[in-house]
Amino acid sequence: MRLDCPSPPPYIGRFAPSPTGPLHLGSLYTALASYLDARSRNGWWLLRIDDLDTPRNMPGATERILDCLAAFGLHWDGEADLQSRHGQQYQQAIADLQRRDLLYPCSCSRSLLAEAGPIYPGYCRSQAYRNDQPAALRVKASPGEVEFIDGLQGIIRESIADQHGDFIVLRKDSIVAYQLAVAVDDYRQGITHVVRGSDLLDSTPKQIYLQQLLGYPTPEYLHLPIIVDRNGQKLSKQTRAEAVTATSANQTLFMLLSLLGQNPPPTLKRAEIPTILDWAVARWSPERLRGIRSISIDTPPSNQT
Ligand SMILES: [Zn+2]
């Protein structure tokens with residue numbers, strides 16, 4: 001990428017949506033929080049498109065995401081960064097781990113994995129690999145704990161071996177797995193602060209584990225409560241949360257600021273977008289979200305405007 005700046009600022013944040021569909025209210029909420037956190041600390045806010053999972057990508061989604069963020073006044077620094085352009089860096093990281101005997105191929109079938117449960121019991125760790133079958137690559141989980149202090153969720157301490165097991169870094173279909181891609185991306189982009197939904201809290205120890213194995217620094221993390229619908233389901237593409245539209249963008253921003261615990265004054269509801277964002281940057285404090293994992297929204301996003 002890079003911004004023509006001789007020395008990067010002490011804060012570099014990012015928003016990293018997958019182009020599997022347009023932004024919905026839940027993803028815009030995360031975008032807004034990470035934007036406000038970066039801007040309130042005079043940091044950069046980078047946009048990364050997590051487009052490695054090619055079978056799930058939706059044609060045109062990247063353009064729609066970019067247009068949507070721009071319509072809401074969430075302007076990012078530099079060019080949007082596409083994961084798919086960095087294949088070589090992921091391969092280098094995998095080769096590095098492989099050279100140090102930290103990975104092994106796993107050719108277990110889907111049914112065998114389903115039987116084994118959520119934590120892979122390491123069947124292929126000791127077996128000689130049969131190279132006539134397609135295989136994923138797993139990283140060996142070493143004993144010991146990964147610990148970090150989340151900006152909102154407090155101390156998180158997990159055993160990779162006991163709570164996650166040997167997890168996949170390269171999928172059977174040769175697609176770089178999410179955890180490895182994110183660890184490499186955050187490093188190559190110099191990310192210092194990650195603001196994202198608490199649904200990803202389970203991924204963070206794995207990403208930190210990979211950072212440690214690869215010798216990368218660990219950014220600071222802040223996991224926001226996720227927005228759930230009246231049934232307690234996370235707003236997501238899977239629950240068919242509707243795409244946000246730029247119609248009444250100021251009212252949508254106002255509602256998102258309320259959900260983020262910022263208590264915007266009613267007069268701000270009809271203000272122009274830059275005015276709303278300036279107000280929010282100047283007063284940003286996620287403190288009221290401390291320790292909260294989910295926030296309920298009573299009406300579907302389409303009725304919010
Ligand atoms: Zn296996």
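Each residue, glycine too, has its Cβ placed from N, Cα and C.
Model, not experiment: these values are computed from the prediction.
Going by TrEMBL, these are the annotated features:
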- Arg14, Phe15, Ala16, Pro17, Ser18, Asp50, Tyr178, Arg196: L-glutamate binding site (BINDING)
- Cys106, Cys108, Tyr120, Cys124: Zn(2+) binding site (BINDING)
- Lys237: ATP binding site (BINDING)
- 14-113: domain 'Glutamyl/glutaminyl-tRNA synthetase class Ib catalytic' (DOMAIN)
- 130-246: domain 'Glutamyl/glutaminyl-tRNA synthetase class Ib catalytic' (DOMAIN)
- 17-27: motif ''HIGH' region' (MOTIF)
- 234-238: motif ''KMSKS' region' (MOTIF)
Fewest-neighbour residue among binding-site residues, criterion Cβ within 10 Å, set Phe15, Tyr178: Tyr178
Cα-to-Cα gap, Arg196 (L-glutamate binding site) vs Tyr120 (Zn(2+) binding site), nearest whole Å: 26
Residues among the binding-site residues Ala16, Ser18, Cys106 that border ligand 1 - Cβ under 6 angstroms, in sequence order: Cys106
DSSP-derived class (H/G/I helix, E/B strand, else coil) of Cys124 (Zn(2+) binding site): helix
Cys106 (Zn(2+) binding site) and Pro17 (L-glutamate binding site), Cα-Cα, nearest whole angstrom: 29
Cα distance (Å, whole number) from Tyr120 (Zn(2+) binding site) to Ser18 (L-glutamate binding site): 26
Mapped DSSP class for Tyr178 (L-glutamate binding site), helix or strand or coil: helix
Helix, strand and coil residues within the domain 'Glutamyl/glutaminyl-tRNA synthetase class Ib catalytic' (14-113) as assigned by DSSP: 51 helix, 15 strand, 34 coil
